[in-house]
Amino acid sequence: MDIKEALNRIVGQLDLTTEEMQAVMRQIMTGQCTDAQVGAFLMGMRMKSETIDEIVGAVQVMRELAAPVRFDTDKLVDTCGTGGDGMNIFNVSTAASFVVAAAGGKVAKHGNRAVSGKSGSADLLEAAGVFLDLTPEQVARSVDTVGVGFMFAPAHHGAMKYAAGPRRELGLRTLFNILGPMANPAGVRHQVLGVFSKALCRPMAEVLSRLGSKHVLVVHAQDGLDEISLAAPTHVAELKDGEIREYSIQPEDFGIKSQSLIGLNVEDAQGSLALIRDALGRRKSENGQKAADMIVLNAGAALYAADVATTLKQGVEMAHDALCSGIARDKLEELVSFTAVFKQENQK
């Protein structure tokens, strides 16, 4: 099937099979389609709504064409969201990565610059001084030594360049917002995945189950956030041992007070970084303490997904201790220093 046939199908509200989606994605990601065709396909898929079969096929092609990062362990965890929630909250999942590492987890973080928001994970880390242009081997060394490694999506998904223009020009969430978090080049099988709609929670868990994931929490908060929220109940679809169960959680379940998100919005990466440094440090401001509470909730979920903690509650307790110890703040600075060495190596 070529993209013209696919466009005719989706305009008629007809779904593609997994194999048909794979064929179209290979055409897109090998530069065989025009920008107009790619843009039309992305908008058509959004208007039709992507099926599990379609998403599975698309992720398989992204993984197939990615530059892999190889590890000796399968206990790696990723924390990321689809974006597109329109909330412009600070980079919660990226901040949570340092708390997870401080508590003994290993984070293979996969991310990009902002598409529809104010600050993507790459924007934040770059603002902090983290060198992003790492080889796969350097990412692996970073995870082994620091506990956190960042895989800049464009460096590992070179074929994505063929969709970058249409995505940027559309400025809306598209199929790729859904695909990106599931196309981690390290092949992580433990994950906290935030999604922009409750309706996506179970389908994404089913997709990841078909793709071989072991323990995943797919989350969407009642206030619209693609993270575990401090301000509202969060719906969770948990994949564990091949079974999916759904439930709702709220901050009080973990001894944390529900609070509004006012003060957690940021205008850019520098604003996000300042709030995160306060949250991971001495929490001098009310917003810093509030951000810390939200980071702890999300880091706790990642520790549970990574099987470092045996329950979600234990994960949150471990995250709280790691943040309050100051080790999480040190992990951020350690990553900056560690990647600076790679920058010097790569410039020789």
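Even glycines carry a Cβ here, placed using N, Cα and C.
Listed features, source Swiss-Prot:
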| type | residues | note |
| --- | --- | --- |
| BINDING | G81, N112 | anthranilate 1 binding site |
| BINDING | G81, 84-85, 91-94, 109-117, S121 | 5-phospho-alpha-D-ribose 1-diphosphate binding site |
| BINDING | S93, E227 | Mg(2+) 1 binding site |
| BINDING | R167 | anthranilate 2 binding site |
| BINDING | D226, E227 | Mg(2+) 2 binding site |
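Secondary structure at E227 (Mg(2+) 1 binding site), as computed by DSSP, is coil.
Restricting the binding-site residues N91, T94, G111, R167 to those with a CA within 10 Å of the CA of D226 (Mg(2+) 2 binding site) leaves an empty set.
A Cα-Cα distance of 9 Å separates G111 (5-phospho-alpha-D-ribose 1-diphosphate binding site) from G81 (anthranilate 1 binding site).
Between the C-alpha atoms of S93 (Mg(2+) 1 binding site) and G81 (anthranilate 1 binding site), the distance comes to 8 Å. R167 (anthranilate 2 binding site) sits 23 Å from E227 (Mg(2+) 1 binding site), counting Cα to Cα. E227 (Mg(2+) 1 binding site) and G81 (anthranilate 1 binding site) are 7 Å apart (CA-CA, integer value). Take the binding-site residues N91, S93, T94, N112: by the count of other Cβ atoms within 10 Å of each Cβ, the lowest one is N112. In this structure, the CA atom of N112 (anthranilate 1 binding site) is 17 Å away from the CA atom of E227 (Mg(2+) 1 binding site). Its Cβ placed at the centre, G81 (anthranilate 1 binding site) has 28 other Cβ atoms within 10 Å.
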